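Read the structure below first, then the notes.
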Ligand SMILES: Nc1nc2c(ncn2[C@@H]2O[C@H](COP(=O)(O)OP(=O)(O)OP(=O)(O)O)[C@@H](O)[C@H]2O)c(=O)[nH]1
Ligand SMILES: [Mg+2]
């Protein structure tokens, strides 16, 4: 899959890099002391995975190797496995590199509805455009619902993307109830026999209760129009986000029943490690990652590659 | 999760307040403080050096010998946080008779465009005539977004078709357009970019070189984690930032990025964004941020106690000075700042036995606001020279007029302040020599004096508060000049 190969090649490099890094940290035959564990702790914290997850990893190292002479490969295996296990979770999510749509729960009949939410500026609209582009290219009929009726020119933004992609868009006047736009989008999709509806929503902070209720309503209304919908509720997280990501995941899940995460802006220097903590606490899996501003800058998440990249020296 | 961290910190700090301190339990406690900082997204290295610093101070003799060393350590943690994030500088350079250029920059999605609208709103309210410039030709509909915002706040927006121009050209043409339209502030809304995107960073530098903005402001998402230091550093290295605006602080983020960004760049945080509406821009206060980073609830209570202990010591120091007749306006200002640091005057008054009723009484006397008074007094004293602060008796008519202009007050107010100070230092001098019972009596006398509507003094607040904002402007004006001077000096060095 050419579309999802960019990150992989980038990760290849870092994998080798990391191996040497860890070897430097725990030279064969050296004793794993507190100073070394601390250094490792620093590396983990820097990924934004949080104190709890970091300490768990360090603790498992301390227990198994603490005060002993170190076999770097064993140490490395131990860390990798701990993190990968966390990210893979119960094994119910599929990330098949041959099929980038594999993590998505598709409707067995009629249009699949994907609701997209998240705090302001994380990359919701761009991620929708990227997904729509991929779906369209794979021969699916896509409808976008411009549910951000609040932010200035948000509808224009999504419209421009739809024109570039060549897919349909359902839009209403600014200030319209977003739930009614979502409803109209679903309605239109049913009528023209579309395969997928992507519903954009305005950015909101998870602490704004009225806006979280609005999101709940959007979800309810979608469900009223199409049974079983939304089939996917994707939370977009900005990879630069720190520990607040946990609060985002928990509160957006309460309102929108998140089934997956799109981790955007992973092309910067931030590692996005907070998804480890989120997966651990709430079980929400990452499904895609955003690696740029262009339409093809979306990639299928891979727990293995992500963990390799997570600990790369930046 | 937050609860448990706050709990840990409370436990740790609670340990401090019990019994004797040893180097050992200071270190244990500081480990908890560090954990709390990391959970608040303070950068690892920043948190570490912060804690090392505090530990060093805490282990020092003075703390261990003091009556309640634990509380003092909490105080050091808090003060150190405040010091690191301060000093505040809310100035935005606006030149009289010349156009001021403000360049906004930052990562994608940080909130630049909205913040441009907020800045324009604020500056317009202050009497400036801003123009917004749509220099983001990258993101679809970014221009339209700014145009809508411009319309909402009633500020002209300069824009060109995205396909047929470049950001540098747009900015240069905007400068000409602004001159023609008689605008005196140009706010450049640049596209969000990654700090590691060389070509886009070069483009920013180009705009910087061509337009020589008076202010380059970084817009930073308050929810940013460990990476905040990397991006802030890169933007600062490219542009020599003049300030930072932290956005999205209306959420529940602890905002450790504030500490990180300040620590690695040294650039002051000027404003914070606290909502999507275009009037939701506030000056940054390190004290509030420090409290936020440390968490609320029990820790806040501990902080309060600690603060009281610290202030008691300082107060003793000041009393000593009064007793010796050495209490100057500088000390007076320090005392004022101390009071402000501890929270609003009103809530403070409620803490002092017997003063609570007075605070209520003052509220009842329609709209009187002791906090505003403190601000005005601070402004007046700030406008005095060192000499004048030490020897207020040397302040003659012409000096008084100058101070009034500098602080946006009027000469009569300056006069009142000087009288009050004179009366107060006399009374303080007396009080310093009294025992507790006599002191309470003196405070009661002060109270009834203040509550007497015919007496001058606190009751002045009513008529003053109407023009409260003038003070801010005047201060800003003064600071602005200072910053411009600094900026010029820096540019020359380059
Ligand atoms: N570098 C990079 N930038 C991204 C990525 N995804 C989105 N962006 C940029 O982030 C900015 C915000 O993206 P949007 O898609 O408008 O974000 P949003 O969540 O819809 O924003 P609001 O609707 O305003 O809340 C834009 O400048 C995007 O180009 C990514 O994966 N990498
Ligand atoms: Mg959007």
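Please read every residue number as a count from 1 along the shown chain.
Cβ from N, Cα, C; glycine included.
Small disclaimer: the values here were computed from a predicted structure and weren't measured.
Taken verbatim from TrEMBL:
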- B:106-113, B:189-193, B:247-250: GTP binding site (BINDING)
- B:268-281: domain 'SRP54-type proteins GTP-binding' (DOMAIN)
- B:447-494: region 'Disordered' (REGION)
- B:449-462: compositional bias 'Polar residues' (COMPBIAS)
- B:466-476: compositional bias 'Basic and acidic residues' (COMPBIAS)
- B:477-494: compositional bias 'Basic residues' (COMPBIAS)
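Across the domain 'SRP54-type proteins GTP-binding' (B:268-281), DSSP assigns 0 helix, 6 strand, 8 coil. Counting Cβ atoms from all protein chains shown, residue B:190 (GTP binding site) has 28 others lying within 10 Å of its own Cβ. In sequence order, the binding-site residues from B:106, B:109, B:112, B:190, B:193, B:249 that place a Cβ under 8 angstroms from a chain A Cβ are B:109. Cβ atoms under 8 Å from those of the domain 'SRP54-type proteins GTP-binding' (B:268-281) belong to residues 85, 87-92, 111, 114-115, 117-119, 121-122, 149, 152-153, 217, 222, 243-250, 258, 261-262, 289 of the same chain, restricted to positions at least 6 beyond its ends. Around the Cβ of residue B:249 (GTP binding site), 23 further Cβ atoms fall within 10 Å across all displayed protein chains. For ligand 1, there are no nearby binding-site residues; that is, of B:106, B:190, B:193, none has a C-beta under 6 Å from one of its atoms. With every protein chain in view, the residue among the binding-site residues B:112, B:193 whose Cβ has the most Cβ partners within 10 Å turns out to be B:112. A mean pLDDT of 94 is what the model gives for the domain 'SRP54-type proteins GTP-binding' (B:268-281). Proximity of residue B:109 (GTP binding site) to non-local residues of its own chain (separation of 6 or more, Cβ distance below 8 Å) is seen for B:192, B:221, given in sequence order.
Residues within less than 8 Å, Cβ to Cβ, of residue B:106 (GTP binding site) and separated from it by at least 6 positions along the same chain comprise B:112, B:192, B:218, B:219, B:220, B:231, B:235. In this structure, residue B:112 (GTP binding site) is part of a helix by DSSP.
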